[in-house]
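Here's what TrEMBL has on this protein:
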DOMAIN    31-150  domain 'G-protein coupled receptors family 1 profile'
TRANSMEM  15-40  transmembrane segment
TRANSMEM  52-73  transmembrane segment
TRANSMEM  93-112  transmembrane segment
TRANSMEM  132-149  transmembrane segment
Amino acid sequence: MDANRTINQSIKTTYYAALINTSVGVVAFILNLSVCFIIITHSTLRQPFNHLILNLSFSDLLVSLAVFFNGILDYFSVQRFMSYELATVICKIDMSCAVISLPGACLTLLVMSIERYHAVAIIQLRSVKLSTVRKTILIIWILVTLSAII
């Protein structure tokens, strides 16, 4: 009797974890998508620092997809009606989103910190050009992709 009770409690806990992961993933996806949409559509927001914010929002968009797929995997693992092939595909998507997006977000935050330091502490320097920020973002994603492959 205690074994069934423990199994039922474990299933309930997994359902709640799946519900929370899926909900957080959907909300984060919608909010990050709205940040991307606002920065892209408003021409006054096309400043170099806002491009870094856009890149960070895009990285967080991928993180929210990873959280969402993790919630789906949790839910369907309890239901036991997902095929092995589908579970493998979702798991690969989940891991690739996490492996690529988390270092991308970290490197973007690093570049944002360096840029803000230069803006505050070293006032004599000129502001960063948009082309420099775009090249930096490209380098970030190349490094992240290479680190995910290796």
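Glycine residues also receive a Cβ, built from the backbone N, Cα and C atoms like all the rest.
Please treat TrEMBL annotations as automatic predictions, because they have not gone through curation.
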Model confidence over the domain 'G-protein coupled receptors family 1 profile' (31-150) (mean pLDDT, whole number):
84
Thinking of Cβ pairs under 8 Å, which stretch from 15-40, 52-73, 93-112 has the most of them with the transmembrane segment (132-149)?
93-112
Residue counts (helix, strand, coil, in that order) that DSSP gives for the domain 'G-protein coupled receptors family 1 profile' (31-150):
103 helix, 0 strand, 17 coil
